[in-house]
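S.K.: Below are the structure tokens for one structure; questions will follow.
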Amino acid sequence: MRRPNLKWIVKASLLLLISLTLFVLITSWISSTPYTNKPVHHGVEPVPEKAGLSGDVKVKVPAIKQPEPQKPQEPDFEEDPELQKIDEPEPVEEEVDNPHPADDEPQQQPQEELQMAAPADASVKKDWHDYTFMEKDAKRVGLGEGGKASTLDDESQRDLEKRMSLENGFNALLSDSISVNRSVPDIRHPLCRKKEYVAKLPTVSVIIIFYNEYLSVLMRSVHSLINRSPPELMKEIILVDDHSDREYLGKELETYIAEHFKWVRVVRLPRRTGLIGARAAGARNATAEVLIFLDSHVEANYNWLPPLLEPIALNKRTAVCPFIDVIDHTNFHYRAQDEGARGAFDWEFFYKRLPLLPEDLKHPADPFKSPIMAGGLFAISREFFWELGGYDEGLDIWGGEQYELSFKIWMCGGEMYDAPCSRIGHIYRGPRNHQPSPRKGDYLHKNYKRVAEVWMDEYKNYLYSHGDGLYESVDPGDLTEQKAIRTKLNCKSFKWFMEEVAFDLMKTYPPVDPPSYAMGALQNVGNQNLCLDTLGRKKHNKMGMYACADNIKTPQRTQFWELSWKRDLRLRRKKECLDVQIWDANAPVWLWDCHSQGGNQYWYYDYRHKQLKHGTEGRRCLELLPFSQEVVANKCDTDNRFQQWNFGSFNKTALDNYSQDLVLSL
């Protein structure tokens, strides 16, 4: 028998030992090294030098100013989401017979039973500001940066500028020259910049409905949301195309989105459904914890998202609305609208506002309760939204949906807030070419009657009494499903809502107007041939003087004024008031939309001196400038006969008690 070759055995053993050692080392190195292929950016991707849409604004596809490279985003990008002035959805052009989504419409149905997530830990907070991005934004220069007013210098394009403005309701040509990534002014209350919010916030799906929106404005909306949102919160932005027919909103839009964004997607509706149906379609396609509904012509301000989400993180049965700033439709100037008010309605279902409560004024950076949302911009838990039944899709096109949802939220176990530290700019459209109605028949009053019949109980009769008989002939449709939701959720009565939530609405907007303090023509004592007159001008114009009517107690409508119980001076049976907008000498007097908040529309008739005093301090008076025949507000002077006015008729007793609060017996 051959003896083993010891030398060979030793060599083989050493070779095997070395191989095993190398295998262990390599395996250990691989397991400790992350996969580092091309980094994934969620949201806006860094843009190549010449990427994006381009083209001549004179052709059908508008140009978009080249986006600058964006900050890299963190993995797991997620998302989220307006006032007297919030514009109601634009009427649309196409006639359709079926307002509801088609069978082939992309949909994601909600679960039958949705479980509420546990509230967030309110004790663990963090600063959500992106200071690096804010510092970078502050250094930007260019047209419209910092939200500043801008103009185009090329006189040769004035006709094109005007034509495009009338097509869109804003200066679309100027929009193409302003960066889609432009900076905005940080106009939050100083306390907002110091606030921290809970460290664990829910993810969001932002839902934006658009119909024939101008491309650069739509994309600026999307860029601003992504630029100023924490990437870990922004899960998706869903753009719901409500059957637009502008060519550039087709393939060009999808190409732009593919080149610049991730987690932004377009849902196309096969037919025109209107705002309510389109929002419902967007909600069905959403997958995040919170739904944020926004208009398609907005710009988000800094750190807008955490203050909108924290109340929902602490209580899932909560809806939250941001403060809505104004983006001027002519020059894109970004400015504050006001510092807040509580949403309400009058008995014609116009959206109105109530003053902030004293406790709210003490905490200007904290969310405050609001009875009614404006409807254009708000956030709500997806679970709670579907628990409430979502939107009533029996409501057609637009109108009444904000009241229906507000009533459901409050009466069915939820609450609603406005968040002062969450600010979003909104373009309020100016003059625009006529937009034909999408429906035959009165869909607006049908919507209102659906809301009233389901939710308003005996108070619905106040609404109907202001309808001039319109509600009598309106069929609200089948209300079985909506009434079943109210029963299933054991919702409270509308009387409870009016007494506990909107407790001051009946006083501010009574169903039956109290008598006016004075009414008739305003005849100038200095020149008794002349009376205050609109001169046939519509609102948003200066007032003037014209030959007085034969009977100043019952003059023609252009001279028929009333000092209403709201302490404003308005055209008889109109919602157009005398408004003074500056405090200089010879301040012009305008005819403006009545806002019922006093301030620059507060007037008092001092019948002893025959003076119309402006403002609660009564230091300025209405005056006729005799040579130019202009109507202005100046410092009161009892010896100036051109500051003296004969009112057609007035109630002395009521005027003597003018400063007292009205006590209404309703």
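Every residue, even glycine, has its Cβ placed from backbone N, Cα and C.
The substrate binding site annotation in Swiss-Prot covers Asp242, Arg272, Ser296, Trp398, Arg429. If you look up Swiss-Prot, you'll see Cys192-Cys421, Cys412-Cys491, Cys531-Cys548, Cys577-Cys594, Cys621-Cys636 marked as disulfide bond, on the strength of sequence analysis. Among the features that Swiss-Prot reports, N-linked glycosylation site is placed at Asn181, Asn285, Asn651, Asn657, with the record citing sequence analysis. Residues or ranges marked as region 'Catalytic subdomain A' in Swiss-Prot: 201-311. What Swiss-Prot records for 32-666 is topological domain 'Lumenal'. According to Swiss-Prot, the transmembrane segment annotation covers 12-31, on the basis of sequence analysis.
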S.K.: State the Cα to Cα distance, in Å, between Cys531 (disulfide bond) and Cys412 (disulfide bond), rounded to an integer.
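M.R.: Rounded to a whole number, the Cα-Cα distance is 53 Å.
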S.K.: Would you list the DSSP helix, strand and coil counts for the residues of the region 'Catalytic subdomain A' (201-311)?
M.R.: 45 helix, 29 strand, 37 coil
S.K.: Which is it, of Cys192, Cys491, Cys621: the one of these disulfide-bonded residues whose Cβ has the most other Cβ atoms within 10 Å?
M.R.: Cys621
S.K.: Counting distance between Cα atoms, which of the recorded positions Asn181, Cys577, Cys594, Cys636 is nearest Arg429 (substrate binding site)?
M.R.: Cys594
S.K.: Among all protein chains shown, how many Cβ atoms are found within 10 Å of the Cβ of Cys421 (disulfide bond), not counting that one?
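M.R.: Cys421 (disulfide bond): 25 neighbouring Cβ atoms within 10 Å.
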S.K.: By a 10 A CB contact count over all chains shown, which of the recorded positions listed here is most packed: Asn181, Asn285, Ser296, Asn651, Asn657?
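M.R.: Counting Cβ neighbours within 10 Å, the top one is Asn181.
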S.K.: What residue among the disulfide-bonded residues Cys412, Cys577, Cys636 has the most other CB atoms lying within 10 A of its CB?
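M.R.: Sorting the candidates by Cβ neighbours within 10 Å, the top entry is Cys577.
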S.K.: Please work out the mean pLDDT for the residues of the topological domain 'Lumenal' (32-666).
M.R.: 85
S.K.: What recorded positions in the list Asn285, Cys421, Cys594 lie within 10 angstroms of Trp398 (substrate binding site), counting C-alpha atoms?
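M.R.: Checking each Cα against Trp398 (substrate binding site), there are no hits.
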S.K.: For Arg272 (substrate binding site), list the number of other Cβ atoms lying within 10 Å of its Cβ atom.
M.R.: 21
S.K.: Mind computing the max CA-CA distance among Asp242, Arg272, Ser296, Trp398, Arg429, which the record assigns to substrate binding, rounded to whole Å?
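M.R.: Spelled out: the longest distance between any two Cα atoms in Asp242, Arg272, Ser296, Trp398, Arg429 is 21 Å.
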S.K.: Would you mind checking how many other C-beta atoms are within 10 angstroms of the C-beta on Asp242 (substrate binding site)?
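M.R.: Summing over all protein chains shown, Asp242 (substrate binding site) has 26 other Cβ atoms within 10 Å.
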S.K.: These are the disulfide-bonded residues: Cys531, Cys548, Cys594. Which one scores highest on other Cβ atoms within 10 Å?
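M.R.: Of the disulfide-bonded residues Cys531, Cys548, Cys594, the highest Cβ count within 10 Å belongs to Cys531.
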S.K.: Say we define neighbours as other CB atoms within 10 Å of the CB. Which of the binding-site residues Trp398, Arg429 has the fewest?
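M.R.: Among the binding-site residues Trp398, Arg429, the sparsest Cβ neighbourhood within 10 Å belongs to Arg429.
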S.K.: Measure from the CA atom of Cys548 (disulfide bond) to the CA atom of Ser296 (substrate binding site) and give the result in Å, rounded to a whole number.
M.R.: 48
